[in-house]
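After the structure tokens below, expect a handful of questions from me.
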There are 2 protein chains.
Amino acid sequence: MRNIALVVSYDGTDYQGFQCQPGGHTIQDKLEAAIYHLSGEHVKLMGSGRTDAGVHARCQVVNFLTSSSIPIERWAIALNTRLPGDIVVQSVYGVPDEFHARHHALNKTYRYTINCNRTPDLFRRRYEFHHPTPLDIEGMKAGLACLIGEHDFTSYTSPLSTKPSHVRTILKASLELESGSEESLYANPIYGRAWDEIHYVGKQRGVVHLYVTGTGFLYNMVRIIAGTLVQVGEGKRTPEDMARILAARDRSKAGPTAMPQGLSLWEVVYEALPLSE
Amino acid sequence: MRNIALVVSYDGTDYQGFQCQPGGHTIQDKLEAAIYHLSGEHVKLMGSGRTDAGVHARCQVVNFLTSSSIPIERWAIALNTRLPGDIVVQSVYGVPDEFHARHHALNKTYRYTINCNRTPDLFRRRYEFHHPTPLDIEGMKAGLACLIGEHDFTSYTSPLSTKPSHVRTILKASLELESGSEESLYANPIYGRAWDEIHYVGKQRGVVHLYVTGTGFLYNMVRIIAGTLVQVGEGKRTPEDMARILAARDRSKAGPTAMPQGLSLWEVVYEALPLSE
């Protein structure tokens, strides 16, 4: 038996999440079906983590054991011809027998994208949360900073979480305004910059990416952080509220769970497997 | 009656082109239906030009006459709530009575996008032509240059064109490799850079955008130019062939019509209407 790791990207819009479900319409079901179609084997995939319905992945890592003799370099092309267009195998690695996509992940990064231009970006509408009024991005950055480190994230976790402990470590968190993303080219002069300057003092337009890197994440954690930060950006909460909410250990103190389509599993880092250059 | 101009973006994937068709599944049909829904008027839209089935627009300009008293600044939001998610009105202008979106367009720019990375970009797969092997981009640039100016474009026009003259003027044409678009992060080491250097000498990976600006375009013109340039990029034709094909005035001498999804109507320029800053 060989142990094979795949780096997989997917558009989660039309799926019920990563992990197998009875209906069969999940990323894992499609990958396992493609592997069966190719090798004749019913493998059990191990993913680096689950993603919810509607959530995407730039880089999900999965591994499985196979007795197939298909050479490593053939797997990506062979699987891609057997997968729907919204799931792509980026690369394939032969990995040590003991490699486990979830247990051996050192850390993971998620990205949540908020477009606060007046109109949605038509060509990225499946991958962003559209917030049609400007946000106080500096305030959001200040609020985000207090989440870095080891904390009990009960306030930022779905009450449906089944984990015995809600203590997790956020290694890095940043908010980046995408350069050149501020609308200007076709902004209507009537509702243009002058309007914003009067009505949204201290707030900015553009596409904002929230990156959160941690050793482990709880159910809906990044989406609740994003939903609460949006309220800070709207001025409904102060940056300092982010820390107060954290200290409360009470989900009801935080903001809403932001819509799934803004979220992507961005990167998974392993010690042994150099997936990035 | 007032004359109103809209700047509209659309994802053409699921439509039968811009112009009204009996089936009713076109961009124009959807826009006219949204205007009817909003104002109760059956207007006849005038577009800056048609786009084919599957072709997109970052910026299509349309105008129509209305006796509705809805203020200009309300139209964009009101129409967007009545349009499907893949059509967005970016901005709305009250224009002089004589303004005509097609007659008064000074020039138009189309963009054709070719991704020659090994795997398609999942998140832009609806808006690019995926060419899985590298292309000689410098050769394509050299071939493209000879098309600039006033020429008879019969070789680069569908034989279905009904125009009496195939003489058109290309004002500007360029080929740009998108910065940072070369795959590297997840490139499989087995089929990685070393492989490319041996098997695809002088060719590059990445996402390439072809921009063509002209005063008028013929049926399938940009797509046939793109399809022929790809053959130059593959080394199947020389850059000089582009001029030879042009001189032949014979469609059969050129390459294939490239797939529609790579094409977008990128910009329309008017003298009177400042649509860009």
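Residue 1 is the first one shown; counting continues down the chain.
Here the Cβ of each residue, glycine as well, is placed from N, Cα and C on the backbone.
Okay, these came from TrEMBL:
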DOMAIN    B:7-102  domain 'Pseudouridine synthase I TruA alpha/beta'
ACT_SITE  B:Asp52  active site, nucleophile
BINDING   B:Tyr110  substrate binding site
DOMAIN    B:147-271  domain 'Pseudouridine synthase I TruA alpha/beta'
With H, G and I counted as helix, E and B as strand and the rest as coil, say where DSSP puts the residue listed as 'active site, nucleophile'.
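The residue in question, the residue listed as 'active site, nucleophile', is coil (DSSP, three-state).
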Round to a whole number and give the Cα-to-Cα distance in Å for the pair B:Tyr110 (substrate binding site) and B:Asp52 (active site, nucleophile).
12
Where does the mean pLDDT land for the domain 'Pseudouridine synthase I TruA alpha/beta' (B:7-102)?
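On average, pLDDT over the domain 'Pseudouridine synthase I TruA alpha/beta' (B:7-102) sits at 94.
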Run through the domain 'Pseudouridine synthase I TruA alpha/beta' (B:147-271) and tell me, per DSSP, how many residues are helix, strand and coil.
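DSSP composition of the domain 'Pseudouridine synthase I TruA alpha/beta' (B:147-271): 38 helix, 32 strand, 55 coil.
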Please report the number of other Cβ atoms within 10 Å of the Cβ of B:Asp52 (active site, nucleophile).
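Neighbour count, Cβ to Cβ under the 10 Å cut-off: 18.
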Count the other Cβ atoms sitting within 10 Å of the Cβ of B:Tyr110 (substrate binding site), across every protein chain shown.
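There are 25 of them.
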